[in-house]
């Protein structure tokens, strides 16, 4: 047992039991980790762990490529993306690939190319994962010290952190370059109902960009979720990319300060817990972003937001009844409030009825009808365009309020289409994953802190069935 290639494979930073503990003649060294411990057996095998990560990346990219081609094969140009159960093509369309005015798909070939490129990439990653998992060195420290590491090496860990930050920064700049130089991105706010355009006037003013972080998360404010123009989004990615790259360089060139060395637990499982916490926060933010934001996630591709569908319903019936002779400026509803229009507590003119709760919605089909004090009555009477009517009628019947069995729509809308909006899927999945990752953070953080404190942790394996089975060999 003691003469294997690397003794370190049997001396883990995190162990299920302390090194001296023996139960029923079994100890950590002879039994290893339980089957349910996943990659824990690779904690100190940097080469094998690299293989696991590369193979995992290959599986992810393979799914992306395969699902991409599946969606292309099933795509029907005559129907909106959000009615077809598509979850990948809306992202490609948002980046400006294959779409024209109004979000109409004019070319599916870029989507096909994307799928094929992902499949080819997954093959490369798959071969790399198999090589490092089965054929490559178990540990990298001896053969390739630059890629090797010891979990307790604080300086090496912050160097790895720095490399990751630089890669994230470069990823942010990829979006910037696409928006500025490589065809532009889809802007739902472009005049006449949205179009692909290059971003020419970036918002780089720090008071604007960081002002979003200082806003309230509640109605009318909306924190960063309230961003509603692409100049701010792309400018924010310039700031984000720059901060990530500069922060990465900082972490590569420096060593952790004394307070950081004392404050953090420096072990593989601790890093896992930190990562899960960060991903959990990202998941919760993304959940709100997808649900409420129709600029980064255009309604032409993802379907309307909930507030947008509700406001669209009020707008559609205002248009109908106005043509039938109703005076939409003065008509009263059953509660005595305005039936079509009313004033908010701050005096702005907003839609009446149950949709009053969504008074702070901003949508490209509605904003042209606003004046300095909310909705403009004269514009509502004279300036409504056919494309606004068509879009609001479409959104009215496609609220993202469906259950998973597709029974959905605004509760008061009898014409609602039974479908599951990709906005619902994206938002719900990110909330659920964000929650699971938070629980994972608590679990692994607790184990890592227990290991650092030197007391017992893990699930008792004394009665684990596999320990009573005949050895396979």
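Backbone N, Cα and C atoms are what each Cβ position is placed from, and that goes for glycine too.
Of the listed segments 203-224, 225-246, 291-312, Swiss-Prot assigns transmembrane segment to 291-312. According to Swiss-Prot, the feature transmembrane segment maps to residues 178-200, out of the candidate ranges 40-62, 109-131, 178-200. Annotation note: residue 367 ([CaMn4O5] cluster binding site) sits in a helical segment as assigned by DSSP. As a quick check, the transmembrane segment (291-312) and the transmembrane segment (134-155) miss the bar of 3 or more Cβ pairs under 8 A, pairs 6 or more apart, so the two do not touch.
Taking the Cβ of residue 367 ([CaMn4O5] cluster binding site) as reference, residues of its chain lying under 8 Å away and at least six apart in sequence are, in sequence order, 189.
Using a Cβ-Cβ cut-off under 8 Å and counting only residues 6 or more beyond its ends in the same chain, the transmembrane segment (69-93) has close neighbours at 99, 103, 105, 108, 110-112, 114-116, 119, 186, 297-298, 300-303, 394, 398, 417, 419-423, 425-426.
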